[in-house]
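The feature zinc finger is assigned by Swiss-Prot to 14-43, 117-146, with sequence analysis given as support. For C18, C21, H33, C37, the entry in Swiss-Prot reads Zn(2+) 1 binding site, with the evidence type sequence analysis. Taken from Swiss-Prot, the feature Zn(2+) 2 binding site covers C121, C124, H136, C140, and the record attributes it to sequence analysis.
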Amino acid sequence: MGEAQLLVEDGNQKLFPCEVCGRCFATDVLERHGPICKKVFNKKRKPFNSLKQRLQGTDIPTVGKSPQPKVQPVRKSNWRQQHEDFINTIRSAKQFTLAIKEGRPLPPPPRPTSNPDYIQCPYCMRRFNETAAQRHINFCKNQTSRPVFDPIQMAARLVSRAQCKAQASLKK
């Protein structure tokens, strides 16, 4: 305690600062405070859980959620296929512009490439990623199950309705 510097003299008591926290105490109090202060400052404090504090005293049960690591599937890189598609598209565009300049017939368009990760809709044969395919297939199923109105039949019905209305007006 001799090496601690006298900080404040409060009335007739001399106060000395704590080496750990810097607060001032009398010598007899500082002897008791020192070991406790060192122990407190060396401990790691748990982060305060405000949810637990708020739910305390209520009937709402606290359910401990275990953090689940998000496992994302590792997708294989298909950059080479994309690169080849890009090169073929550029080449076909050059052939197209050259055919227009020279007046030749236009070359056939390049074949569309299909992504193997996409899912094909069984109703319209279009391809979608997984999440879009789930939504689309339900939609497309509902659309294909709806009755299709033939324009010829609709015209015939309209004519027959008009005739019925004409006959009904004549009877009145």
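Placed from the backbone N, Cα and C atoms, the Cβ positions cover glycine too.
What Swiss-Prot annotates, mapped onto the structure for a quick look.
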residue	record	Cβ neighbours (10 Å)
C18	Zn(2+) 1 binding site	18
C21	Zn(2+) 1 binding site	13
H33	Zn(2+) 1 binding site	16
C37	Zn(2+) 1 binding site	18
C121	Zn(2+) 2 binding site	18
C124	Zn(2+) 2 binding site	13
H136	Zn(2+) 2 binding site	18
C140	Zn(2+) 2 binding site	18
Other residues near the Zn(2+) 1 site, CB within 8 A of the CB centroid of C18, C21, H33, C37?
E19, V20, G22, R23, F25, L30, G34, I36, K38
Among the binding-site residues listed here (C121, H136, C140), which has the Cα closest to the Cα of C21 (Zn(2+) 1 binding site)?
H136
I need the neighbours of the Zn(2+) 2 site defined by C121, C124, H136, C140. Which other residues of that chain put their C-beta within 8 angstroms of the C-beta centroid, in sequence order?
P122, Y123, M125, R126, F128, A133, I137, F139, K141
For C124 (Zn(2+) 2 binding site), the three-state class that DSSP assigns:
coil
Work through the binding-site residues one by one (C121, C124, H136, C140) and name whichever has its CA nearest to the CA of C37 (Zn(2+) 1 binding site).
H136
Residue distribution over DSSP helix, strand and coil in the zinc finger (117-146):
16 helix, 4 strand, 10 coil
Nearest-integer angstrom distance between the alpha carbons (Cα) of C140 (Zn(2+) 2 binding site) and C18 (Zn(2+) 1 binding site):
76
Distance [Cα-Cα, Å, rounded] between H33 (Zn(2+) 1 binding site) and C121 (Zn(2+) 2 binding site):
75
Taking all residues of the zinc finger (14-43) together, what is their mean pLDDT?
89
Find the shortest Cα-Cα separation between C18 (Zn(2+) 1 binding site) and the binding-site residues C121, C124, H136, and name the residue that gives it.
H136
